[in-house]
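Asks: Copying in the features that TrEMBL gives for the protein in this structure:
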REPEAT    273-314  repeat 'WD'
DOMAIN    352-432  domain 'BING4 C-terminal'
REGION    429-527  region 'Disordered'
COMPBIAS  439-452  compositional bias 'Basic and acidic residues'
COMPBIAS  466-483  compositional bias 'Basic residues'
COMPBIAS  484-501  compositional bias 'Basic and acidic residues'
Amino acid sequence: MVVKVDNTESIPATDEVISEEMDMKKKKYLRGEAANLKDLKDKKLQGQLAVQEELFGKSAAAAAKAEKWLMPSEGGYLEGDGIEKTWRIKQDAIASEVDILSSRKQFDIVLPDFGPYTLEFTPSGRYMAAAGRKGHIAIVDMKNMSAIKELQVRETVRDVVFLHNELFFAAAQKKYPYIYNREGTELHCMKEHGAVLKLQFLRNHFLLASINKFGQLHYQDVTTGQMVANVRTGLGRTDVMQVNPFNGVIAVGHSGGTVSMWKPTSAAPLVKMLCHPGPVTALAFHPNGHLMATAGMERKIKIWDLRKFEVLQTLTGHCKSLDFSQKGLLATGTGSFVQVYGDLSGSQNYSRYMTHSVAKGYQVKKVTFRPYEDVLGIGHSMGWSSILIPGSGEPNFDSWVANPFETSKQRREKEIRSLLDKLPPETIMLDPTKIGSVRPERKKEKPSKEDREAEMEAAIEEAKNIHMKKKTKGRSKPSKIAKKKQEAVEKAKKPFLEQHANKKRKPTEETQLPKSLERFVRKKVAA
């Protein structure tokens, strides 16, 4: 067994090699190809856009330079020796090969009286919220491995989710969802949501989304407290819900095998796709937002391309929880067994990468990857566990996006900045790249004279070929049949002739009106 890291041996690089490497990194940060400004007639606009393109190029070059010299960590992955399979490698073997700090991230917390547990990480991966079905909620600092706060709400807790930072979290309890701060103080009881089964938080829009046991989808703005939307899905009770990180669209899996996608400004689903012949048991989105994984009761896991709404791959296996890592690994959990699938070739062809069995009899409730760490969190019926999955996390973090080491001052500044950058609910759509673009003007193409004549001839021919039923008492005489066909032809020609007559007729001021309306006609002023 080898834990391989993509480090190449240091060789004396020439200026050409460095420049080629910098060009490749620069292309990654450029926003597409530069605009063609030669066709612009407005010289002032041409100059302004040229300056803007130059700034884009400088920004991409600075980002590429920073990536080359300021990002020391590189992603690693498991590689077998010879014919050894990576999915046969156990956690004990991995823990003996990694450093001391990484081996500490592998642990089991046994709390048999309050399970099963569901887990939630902050975007930075620093903090974790664990909620037991029987009322136990804990906030844990994963860096120091210390519990910040534990509370017992003394009623059923179905789900937990962090809000915009680790200071606030929402818990879906027996009757209503509640919002708590990090000290365990209850701040809000949101009775409008009802008995919630699943919670999701849209970070860019500051919207808390929930689905209750009646299949109602609620969106609430946590900054103003306003209920943005209340939508009836009409597809029954479900606890399978996930938000697409790319566009903010909520996907809900139903018992009929369909997955519907919603936005708060629409009462009808944006997309309604049949994914499985039976109930949908789990749902997850790839970080790029273009791939979706669904699991059904027929023991099939399907990978979907959301740009074409087609199945890319079908895997065999039953699972109750799905999650994608930052690097695209897919974790599945069912019973006391966890499997991780990897797309190591980059061809969107997932194969078995790692497996793990928790203690016999433990039932896995939730699997979720920890951001910026090669760690998978497993919530099960007897507590929660943490295992090492090499290559799952992003090796370098951006402190402007998610900083695991941020101070309280940085957290306050980030909160203000994110509030200023808050997006309205109207920006949630399937293709967010359309925002800011100009809708092309659609000109109605009028049919030409030849097209109208051809359409009328086709209608006349169809009327002539009508089959007449045979009738008794002289009603099927040839003369009667000819007369009926002639009437059918006249009826077919009538709409075309009326349309032609309406075009020729021009409105005239000398239109005769009834005497009762003549007094309302504006009279001409005598010169």
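Every residue gets a Cβ built from N, Cα and C, even glycine.
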Asks: Kindly state the mean pLDDT of the repeat 'WD' (273-314) in the predicted structure.
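Replies: Mean model confidence (pLDDT) across the repeat 'WD' (273-314) is 94.
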Asks: By a Cβ-Cβ criterion of under 8 Å, what residues six or more beyond either terminus of the repeat 'WD' (273-314) are in contact with it?
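Replies: Counting only partners 6 or more residues beyond its ends, the repeat 'WD' (273-314) has Cβ contacts under 8 Å with 238, 240-247, 251, 253-260, 320-324, 326, 328, 330, 332, 348-350.
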Asks: Let's see if you can do this one: DSSP helix, strand and coil counts over the domain 'BING4 C-terminal' (352-432), in that order.
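Replies: Output for the domain 'BING4 C-terminal' (352-432) reads 17 helix, 25 strand, 39 coil.
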Asks: Could you count the residues of the compositional bias 'Basic and acidic residues' (484-501) that DSSP puts in helix, in strand and in coil?
Replies: 18 helix, 0 strand, 0 coil
